[in-house]
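Structure record follows, encoded as structure tokens.
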Amino acid sequence: MKKDYYEVLGLSRSATKDEIKKAYRKLAMQYHPDKNPDNKDAEEHFKEVNEAYEALSNDDKRRRYDQFGHAGVGSSAASGGGQYGAGASDFSDIFSAFNDMFGGGKQRGGFEDVFGGAAGAGGRRGRASGGIHGTDLKIRLKLTLEEIAHGVEKTLKIKKQIACTECNGTGSKSGATETCPTCHGSGEVRQAAKTMFGQFVNITACPTCGGEGRVVKDRCVSCYGEGIKQGEVTVKVTVPAGVQDSNYLTLRGQGNAGPRGGANGDLIVVIEEKPHEKFQRNGDDVIYHLALGFPDLVLGTKVDVPTLDGSVKLTIPPSTQPETMLRIPGHGIGHLRGSGRGDQYVRVNVFVPKEVSSHDRELLKELKNSSAISPADQNDREEKSFFEKARDIFS
């Protein structure tokens, strides 16, 4: 008896499309024949996962499955005479999902290369002529705000799968291959299942050759016939100004090497912005907090302020109020698109000392009694001025 498709993917019946796709990718990677050679249980799980995804990823099929169970799905996926039915074209969704996993969603690479794209009714997928496409490699690159502001070039050492030097990436001592004895060169395995509505054909990658159609002769002892091994390479990454945290750069062909001569995957560099001890980022602008004493705010002054380009002299106007924002043009972060840079804003606040000397305390008391700086007196004068103006208007 067939398992429930939702149980196969480990989902509830209210699962969203994204949840279905995510679960499928995880399980397909887990049970893929390349990772589980000669493992019949894994092969069976792989087939079940493919079948469940093929049904639940299609809105119409999912509706029929929810209403009628497996019989509802089989009616659209089968036809008489062993030919492909309407559901066969939906296998392109499966290979498209594999494309996302192995080739970053590109037209080339992944299972599209292995099978040559989705076949039409009664069609056949071609096998890859140059091995399986290598997987993408993702790394994180930490950058300072100064590096992000101006752009930077980094030289990185990364560990990845590289072509075996002993066999030149072929997987064979002599470089010779032979037709796969399991799939006889087709690169795929077909299993037919009869239902009350007709015959359903399930097509999967050949577990022996991984969909290539050929297997190596005289396996290389260094790479065990895979044509790849773990190595370390040096890569230069040019990061433009203005990138943000979690932005990424894609270096085509710099990822893991493909088994047995397959094309390289891509290297995906994810930007990670380091927190700055002085500046706070706001888009392409930066904010710096400056604390000044009360006399400097009242009388005005000139102070040295740090920027992403070094120190600059900033003029503080007399009677500057706390929380005032002063602008330093062109000292922010370079624009990712277009020329120019953002600005730096200096937020001015008053510095209040935790301790004062007895002499300073007396000076502050004397200053407190001055009507020029008393907030209460100032408020009274403003209110009086308002009423005086009102009286003048209506008199």
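Cβ atoms here come from the backbone N, Cα and C positions, even for glycine.
As recorded in Swiss-Prot, the features of this protein are as follows:
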- 4-69: domain 'J' (DOMAIN)
- 151-232: zinc finger (ZN_FING)
- 164-171: repeat 'CXXCXGXG motif' (REPEAT)
- CYS164, CYS167, CYS220, CYS223: Zn(2+) 1 binding site (BINDING)
- 180-187: repeat 'CXXCXGXG motif' (REPEAT)
- CYS180, CYS183, CYS206, CYS209: Zn(2+) 2 binding site (BINDING)
- 206-213: repeat 'CXXCXGXG motif' (REPEAT)
- 220-227: repeat 'CXXCXGXG motif' (REPEAT)
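Swiss-Prot feature annotations superimposed on the structure.
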residue : record                : DSSP (3 states)
CYS164  : Zn(2+) 1 binding site : coil
CYS180  : Zn(2+) 2 binding site : coil
CYS206  : Zn(2+) 2 binding site : coil
CYS220  : Zn(2+) 1 binding site : coil
Taking Cα atoms as reference points, rank the binding-site residues CYS180, CYS206, CYS209 by distance from CYS164 (Zn(2+) 1 binding site) and give the first.
CYS209
Looking at the binding-site residues CYS180, CYS206, CYS209, CYS223, which sits with the largest number of other Cβ atoms within 10 Å of its Cβ?
CYS209
Cβ-Cβ neighbours of CYS167 (Zn(2+) 1 binding site) (radius 10 Å):
25
Do me a favour and check the Cα-Cα span between CYS220 (Zn(2+) 1 binding site) and CYS209 (Zn(2+) 2 binding site); whole Å is fine.
16
Compare the Cα of CYS167 (Zn(2+) 1 binding site) against each of the binding-site residues CYS183, CYS206, CYS209 and report the nearest.
CYS209
Whose Cβ lies within 8 Å of the mean position of the Cβ atoms of CYS164, CYS167, CYS220, CYS223, the Zn(2+) 1 site, other than those residues?
THR165, GLU166, ASN168, GLY169, THR170, GLY171, SER172, VAL221, SER222, TYR224, GLY225, GLU226, GLY227, ILE228, LYS229
Tell me the Cβ neighbour count for CYS220 (Zn(2+) 1 binding site), meaning other Cβ atoms within 10 Å of its Cβ, over all protein chains shown.
23
Show which residues of the chain containing CYS183 (Zn(2+) 2 binding site), separated from it by at least 6 in sequence, have their CB under 8 Å from its CB.
VAL189, CYS206, THR208, CYS209, GLY213
Excluding CYS180, CYS183, CYS206, CYS209, please set out which residues of the same chain place their CB within 8 Å of the center of the CB atoms of the Zn(2+) 2 site, keeping sequence order.
PRO181, THR182, HIS184, GLY185, SER186, GLY187, GLU188, VAL189, PRO207, THR208, GLY210, GLY211, GLU212, GLY213, ARG214, VAL215
Would you list the DSSP helix, strand and coil counts for the residues of the domain 'J' (4-69)?
47 helix, 0 strand, 19 coil
Using DSSP, tally how many residues of the zinc finger (151-232) sit in helix, strand and coil.
0 helix, 41 strand, 41 coil
From the Cα of CYS223 (Zn(2+) 1 binding site) across to the Cα of CYS180 (Zn(2+) 2 binding site), what is the distance in angstrom?
19
At a 10 Å cut-off from the C-beta of CYS164 (Zn(2+) 1 binding site), count the other C-beta atoms across all protein chains.
23
